[in-house]
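As recorded in TrEMBL, the features of this protein are as follows:
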| type | residues | note |
| --- | --- | --- |
| DOMAIN | 4-52 | domain 'TM2' |
| TRANSMEM | 33-56 | transmembrane segment |
| DOMAIN | 99-121 | domain 'Putative zinc-ribbon' |
Amino acid sequence: MDMKNRYIAALLAFFLGGLGVHKFYLGKWTGIFYLALCWTYIPSIIALVEAILYLVNGEETFNEKYNKKAMENSYKNVTYDPTPSNQNVSSSNDDISIVCPKCGHVNEAGSNFCESCGQKL
Ligand SMILES: [Zn+2]
């Protein structure tokens, strides 16, 4: 979903607003009412007011109203953090052998005393 530009929306509302083109641009189905009532010129007047509102209310209000989904999606994309797939799950502490500090004998994991010299590990 692309971000809607409020200047484009305002221009469409200003020139083609009587046909609801700016509403369709903003993804609003209500544009069909403009199209259906375009012969009354009422949609043109409403669109003209909307064109001014788009420009007057500023970027934040416009984004809040029409770009919420697009902004939420881009936010998700930025914060999306895939779990590292190269985590070494197979190695656990049970596999680590203990080297005796006194004689250097390699003892089995979980040994409390050295097999060779009896040194407390
Ligand atoms: Zn030892």
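Note: Cβ is positioned from N, Cα and C throughout, glycine not excepted.
On a predicted model such as this, the values are computed, not experimentally measured, just so you know.
As a summary of secondary structure, the domain 'TM2' (4-52) carries 39 helix, 0 strand, 10 coil according to DSSP. Sorting each residue of the domain 'Putative zinc-ribbon' (99-121) by its DSSP state yields 0 helix, 5 strand, 18 coil. On the 0 to 100 pLDDT scale, the model's mean across the domain 'Putative zinc-ribbon' (99-121) is 93.
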